[in-house]
Amino acid sequence: MNIFYIFLFLLSFVQGLEHTHRRGSLVKRAVCYDTDQVPLNIFFGYNRADKTDSNKNMALNIFNVFRGFLAGEGGESFYNSNGNVYGFMWVGSMVHNRGFKDNILPIMENEVKNYGIPKTLYLEYDGGGDPMKSFGIILDTTSRDTVVKAAKLWSQGKKLNSYEGSKNYQATACYLSYAYRKPIVNDNFVGTCDYFTLESGKTPADQSGINGESLQGYNPNLDFSKLSAGQPICKTIGNPPNFKPSKNSDGSCKTYKVSSGESCSSIAVKYYPLSLNDIENYNKGNYGWKGCSSLQKDYNLCVSDGSAPRPVSNPIAECGPLAPGEKYNAKCPLNACCSEFGFCGLTKDYCDKKSSTTGAPGTDGCFSNCGYGSTSNVKSSTFKKIAYWLDAKDKLAMDPKNIPNGPYDILHYAFVNINSDFSIDDSAFSKSAFLKVTSSKKIPSFGGWDFSTSPSTYTIFRNAVKTDQNRNTFANNLINFMNKYNLDGIDLDWEYPGAPDIPDIPADDSSSGSNYLTFLKLLKGKMPSGKTLSIAIPSSYWYLKNFPISDIQNTVDYMVYMTYDIHGIWEYGKANSYINCHTPRKEIEDAIKMLDKAGVKFNKVFGGVANYGRSYKMVNTNCYNYGCGFQREGGNSRDMTNTPGVLSDSEIIDIDSSDKKNDRWVDTNTDCIFMKYDGNSVVSWPKSRYDLEDMFKNYGFAGTSLWAANYFKHDEWKNDEDDNNDDTEDPFDEENVYFDVYDCKNKAGYDLDNPVYGCRLETAINIIIWNGTESVNTVLNILNDYDNYIKYYEALTRAHYDSVMEKYEKWLFEEDGYYTYYTDVDGDDIIITPPDKKKRDYIQEKYSFEKEFMMSQNMTELTEIKVNKTINFMLNGTSLAVKEYNNEKVLYKRGDIPPPGSNNRLIRNSIILDKDKEAAIASFKQYSGIELSKDSFVQRDKDKKFDLNGKHYTFMHSTILNAIVLFPNVLTNIDSDYIHHISDLIEQAHNSLGNESPDNIYEVLESVVVFMSVSEIADYTYTEGKKIKEKYDKMKKTMIVGIILGIIGGLSLFLGPIGIATSVLADFALLGADAAINGELNPSDLAFALAGLFLPVFASLGKTFKFAEALQKININKSKNFDNLNEFEKIRFFRSKLGKVKMCGS
């Protein structure tokens, strides 16, 4: 019995096992709907757990959902959950959804229906490792993680392989052909995908073992053509990994320090899915961000959002975000510009903005304090002059009471020495002639370049301002010295506090500038009322930046701005060093703008002017212009300064007037004069100190400061203390070389009524210099527009010429009774009226007549008619009679006579023989007032037509007037070399004012006066010719003879204050114009003429001068009977003296 029951139990158990694990007989016949049927051995696995009806029902609900999913054509991954049951279905892109629904899904569904659901139940097929062919279904009652794990494995073409029990099903799967495969679409339900990091030199498919099409489906946002090593790539479905960092807790961005060779792309993959666009956006406000295309090593790159980080500092940066430590975001001294790289300066490299591809700070040029200072247009109400006087020996020695180019309001003594204990060395000063000066304020200057930079003395200034004790001692000593000698102030010339690079001495401490300010405040507080405190300041930003200049200006009374020595031989070996001028106009203006940018008030500044030049020795003697190389030792010296590299004004003048001068020119780059001398040296100096003085005045400066008075040409003076006790001054010498133009000025300007001969001549010289300069500029402007000038000249010449020709026509034919002829009322006959042969027997006349209407009737025959013969021309059967009288010859030929009814065509053929020209000239002048010359007549080979006063004239093979002779182009022989020569003469005269006798300067300007007449003629030609050309057809007014008389306006301006009679001016204008036209002039005769014009002035103004004395003064008395001539005759006399030498007198 027991055995029987045991048998039944075992039988039923075996049958149960078969029912559970062998299901092949339960699978329906496969239906694949025209897709490929593939029989497969499908793995079925499970993990045991208690089964519940609830879980079973929830699982069956999931199957219903899956069935709905599979009704569609697309999709690979399908997820659903119900209660605590989680389900996932993977149907590869080549697996047919409907076939899967009908053939594979029922296997799982039947298992659940029949046996319920344990912990885990799944079936899978790995597709041979191809996720496009694999499929699987899984249900789990405990965790979503299990189905997620299966999803990731199946999407790689791998098996789950996680089971406690398993079996296999024989089933048929339906596959789509590759051409009709489903699109691979990523599914993010699994969360973050499983990924790999791409290795260099490998493809994603090779490295992962997964086909590229599946990988691209799982990574839809990746461009597989632009992958780089390190890129994370999803090898399963799911979200890509996210390594993008969050910003820091303080709100700043997370940064990454760029290594050499890295790019935005290589960095982005480390923080995937950080994109290039993300990097660009995060770094828009990051300092120095120039974009991914210009990524820099060690750059602090933002890899998250947030505020920009502090950039990597540059240990030598001075300002802005790149400056290190306490300098971070520091401002520049003098309010200078902070460049994008963190350096201070005032040139375009620091101050200009520029275009930026990113717009980030630090990429668009200047970072802060951008732009330039400006120059004031407020002219100074008061303008004073300072001169530094050197207490020198030998040829530099100069009497301080007799300084040229004065007077000076303030005289600075250069220099008083300071002892190492800060006491004042007055051993030389106490005996100096400087103390006897009474015409100027006297101020001692302490320091100077040599004292400030000499290894034996450079520490004195530094130590004197370093401590309170030293500052107090030094200040008291200065005050006591000033009071002892009853001086007007104190001037300090420390060159320069805080200077880091002066040769042969250690760099100064950066605190010296603030120490200097503290000392100046102390000193000013101790000074008595009415005494001034001043300092010298450099025009170089490099040295001025150490001066707390804004505070200093509020402490001192004035500052001397050293706008000279900007360039020199000390630049040897430095970048961009070459032959240059030490006072370049543009750089001086930039230095002025630097003061403005620093907040300095110009009315506390005296602009520096120099009366010396800096010289260079050339590397190549053929290259001596601005920009050429130079040697270390400097240009050749002379015995006044006795220093290579520098020449005084006096030395330059001596070289310029000697055969040591090789060449001389004005350099437009610097507005300086350059001169080659000795064959191997070149020196440059300011073109005009007066122009610089005017510039400082116009910019609102307090005045100018000259370095140095001793450099002017002066009398030899023995600076001997024992001889300085004689206060006796020489009586005034009117011809003294130190004649002072400033003594001639009143408040209104030039004083023409001053009885001093030199003053009147100096005034004339200044007027010539002024107008001569204007004339040079006028001619240069015209030459720059020369093509139009020629057009205007031709138009003006035509107008003048027509006017003269009208007078000539009337004189030749009408007024003096020469042949007149006209058409009769009907226009049939040409009637000739014979002249009175007795009136002008020196003129031969021939006539030719014609009717234009003859041409219209095809009457083309040319017929010569002999004496007393009548020829009939037939017109429409009518005879046209033409008569001839007095045995003259008549030519018939085609011409321009208008049709019948017109009574105004005159045709001339008149010749004035050479033997008769003088008589013709006299007759024409008596008739018209116009004076001709023999060259004024010309015989034309071709017809010349004129429309004059409503009549039409044709001169055929006639003597007419020569327009070129009457109205020459005065600029024909004027070129740049000639203008350069005139400019040099003006500059030579300008530089010689106060140094040379006015008589000598006056002679230099003779050619300039003639050039002024040329300029006036050219200007009149350009201006009036332009008007005539523009309105030529409307202009019919008669014009007086001669464009030459156009210079009267200019000479009237030149001589108007003197009051010369207009008739004299007019004739003198002709005098100068003739010389200008011919390009030749005898200078001494022109001087004679000029003096003649001034004589009436001298006579009326000078009580101590007579005509003869004035003539003697300038050596022009060339005629014993000169004083007996009237003014007009005097000019005629000068005219007769014109010679044939070059106009410039050289």
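Every residue number used here counts from 1 along the chain in the order it is shown.
Positions of Cβ are set from backbone N, Cα and C atoms, glycine also.
As annotated by Swiss-Prot, signal peptide applies to 1-17.
Feature annotation from Swiss-Prot assigns domain 'LysM 1' to 205-234. When DSSP labels each residue, the domain 'LysM 1' (205-234) comes out as 11 helix, 3 strand, 16 coil, counted as helix, strand and coil in that order.
In this model, the domain 'LysM 2' (254-303) carries an average pLDDT of 93. Per Swiss-Prot, domain 'LysM 2' is recorded for 254-303.
Residues or ranges marked as domain 'Chitin-binding type-1' in Swiss-Prot (evidence: sequence analysis): 316-372.
If you take the C-beta of C319 (disulfide bond) and look for same-chain residues 6 or more apart in sequence within under 8 angstroms, you find K327, N329, A330, K331, C332, C338, G342, F343, C344, F367, S368. The disulfide bond annotation in Swiss-Prot covers C319-C338 (among others).
Under the heading disulfide bond, Swiss-Prot lists C332-C344 (among others), citing sequence analysis as support. DSSP assigns C332 (disulfide bond) to coil in the three-state reduction, placing it in neither a helix nor a strand.
The disulfide bond annotation in Swiss-Prot covers C337-C351 (among others). The secondary structure of C351 (disulfide bond), as reduced to three states from DSSP, is helical. Counting every protein chain shown, the Cβ of C351 (disulfide bond) has 20 other Cβ atoms within 10 Å.
The annotation disulfide bond is assigned in Swiss-Prot to C366-C370 (among others). A simple way to gauge crowding: the CB of C366 (disulfide bond) has 20 other CB atoms within 10 angstroms, across all the protein chains here. Secondary structure at C366 (disulfide bond), as computed by DSSP, is coil.
According to Swiss-Prot, the feature domain 'GH18' maps to 383-735, an assignment based on sequence analysis.
Listed in sequence order, A414, F415, D493, E495 are the same-chain residues six or more apart from G448 (chitin binding site) with CB atoms under 8 A from its CB. Annotation source Swiss-Prot lists chitin binding site at I424, G447, G448, W449, D450, Y496, M562, T563, Y564, D565, W707, citing sequence analysis.
Positions annotated as N-linked glycosylation site by Swiss-Prot: N771 (among others). DSSP assigns N771 (N-linked glycosylation site) to a helical segment in the three-state reduction.
Under the heading N-linked glycosylation site, Swiss-Prot lists N858 (among others), citing sequence analysis as support.
Annotation comment: Swiss-Prot describes N868 (among others) as N-linked glycosylation site.
Feature annotation from Swiss-Prot assigns N-linked glycosylation site to N876 (among others); the stated evidence is sequence analysis.
What Swiss-Prot records for N1117 (among others) is N-linked glycosylation site.
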Residue list, the domain 'LysM 1' (205-234) vs rest of chain: Cβ under 8 Å, 6 or more residues beyond ends.
93, 129-132, 155-157, 183-186, 193-199, 240-241, 243, 265-266, 269-270, 272-273
For a quick check of understanding: given the listed chitin-binding residues I424, G447, G448, W449, D450, Y496, M562, T563, Y564, D565, W707, what is the maximum Cα-Cα distance in angstrom, as an integer?
28
Length of the line joining the Cα atoms of M562 (chitin binding site) and C366 (disulfide bond), in Å:
28
Of the residues in the domain 'Chitin-binding type-1' (316-372), how many are helix, strand and coil by DSSP?
10 helix, 9 strand, 38 coil
Tell me which of the disulfide-bonded residues C337, C370 sits in the most Cβ-dense spot, judged by other Cβ atoms within 10 Å.
C337
When the Cα of C370 (disulfide bond) is compared with the Cα of each of the binding-site residues I424, D450, Y564, W707, which one is closest?
Y564
Please identify which of C338, C344, M562 has the densest Cβ environment, defined as other Cβ atoms within 10 Å, among these recorded positions.
C338
For G448 (chitin binding site), what is the secondary structure state per DSSP, taken as helix, strand or coil?
coil
Cα of C337 (disulfide bond) to Cα of Y564 (chitin binding site): how many Å, rounded?
23
Can you tell me how many other Cβ atoms are located within 10 Å of the Cβ belonging to D450 (chitin binding site)?
11
Summary of DSSP states over the domain 'LysM 2' (254-303), given as helix, strand and coil counts:
17 helix, 6 strand, 27 coil
Taking just the CA atoms, what is the gap between I424 (chitin binding site) and N771 (N-linked glycosylation site) in Å?
51
